[in-house]
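K.L.:
Structure below; questions to follow.
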Amino acid sequence: MNLVVQGAEVDSLVLKQLASLTAAHSIVQITPGAFRLVDAEEHDDVAALCERAALDHAWVPGGRRLADYGLFVTDMDSTLINIECIDEIADLQGLKPQVAAITEAAMRGEIDFRESLIRRVALLAGLPVEALAQVYEERLALNPGAERLLRGLKQAGIHTVLVSGGFTYFTERLKQRLGFDEAWANELEVVDGRLTGRVSGSIVDAAGKAAHLERARAALGLHPAQTIAAGDGANDIPMIQAAGFGVAFRAKPVLRAVADCRLDHSGLDGILNVLG
């Protein structure tokens, strides 16, 4: 196995400790903040040592490369981008605390996502549609490493899908901005320039996200092992479990528990360092 460690700063002493602990054959620098310990032996103390040093770590079979994959599917809110869009929309209604509390409970897996979305969207009734543009232009930012990740995936010929329990207003703009091959999300119903408090069509929930991964995988003729998925909350669990390699990005504990790789200290481009 190879051990990939990465973070904002990687102390050379910690690297040496990890190499000794795992009897690694060699250390290869991937980027200034990422290193691969080649032919390392798994050890129970690696996780604790990396956590103390604010490093992410991932065990990767020797020979595994990004070229082995053909599909990447990612969540949007708090994964690709820095905000939960619905919370910021609600803030313009003076309702952020109420909506954010429901969002947080849903992401922890404490309440059903579909039910939570219906409840949250209902609170947005009457808001001018221009509020969506205000959120996109003034509050939304890409999470660190997002652009480098998408460039790397496209260069590797990997099909990219953005799938969200959020809203098409944002996914379509991000699709164009970053060059995703597909984007799927919920559509907010608008009448006379105002949100009605309802969603048009079927709701993209946890099962829907996994279904989009499976549909794209089948269309591309790929084996499940050739897929990558990234997310942060409970509604990403089925998608992460369906993927050959699941990434928990600054995620809730319930998702970290089922992912193959956790990125708590690195940017999204850490995926390239792990599999590159």
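The backbone N, Cα and C atoms fix where each Cβ goes, glycine too.
According to TrEMBL, the record shows the following:
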type: DOMAIN; residues: 3-46; note: domain 'DUF4072'
type: ACT_SITE; residues: Asp75; note: active site, nucleophile
type: ACT_SITE; residues: Asp77; note: active site, proton donor
K.L.:
With DSSP as the reference, give the number of residues of the domain 'DUF4072' (3-46) in helix, strand and coil.
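P.N.:
The breakdown for the domain 'DUF4072' (3-46) reads 12 helix, 15 strand, 17 coil.
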K.L.:
Give the sequence-ordered list of residues that share a chain with the residue listed as 'active site, proton donor', lie 6 or more positions from it, and have CB atoms under 8 Å from its CB.
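P.N.:
Residues satisfying the criterion: Ile83, Glu84, Cys85, Ile86, Ser164, Gly165, Gly166, Asp232.
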K.L.:
Among all the protein chains here, how many other CB atoms are within 10 A of the CB of Asp75 (active site, nucleophile)?
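P.N.:
For Asp75 (active site, nucleophile), the 10 Å Cβ neighbour count is 26.
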K.L.:
So what pLDDT does the domain 'DUF4072' (3-46) average out to?
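P.N.:
Summing pLDDT over the domain 'DUF4072' (3-46) and dividing by its length gives 96.
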K.L.:
Quick one: what's DSSP say for the residue listed as 'active site, nucleophile', helix, strand or coil?
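P.N.:
Where the residue listed as 'active site, nucleophile' sits, the three-state DSSP reduction gives coil.
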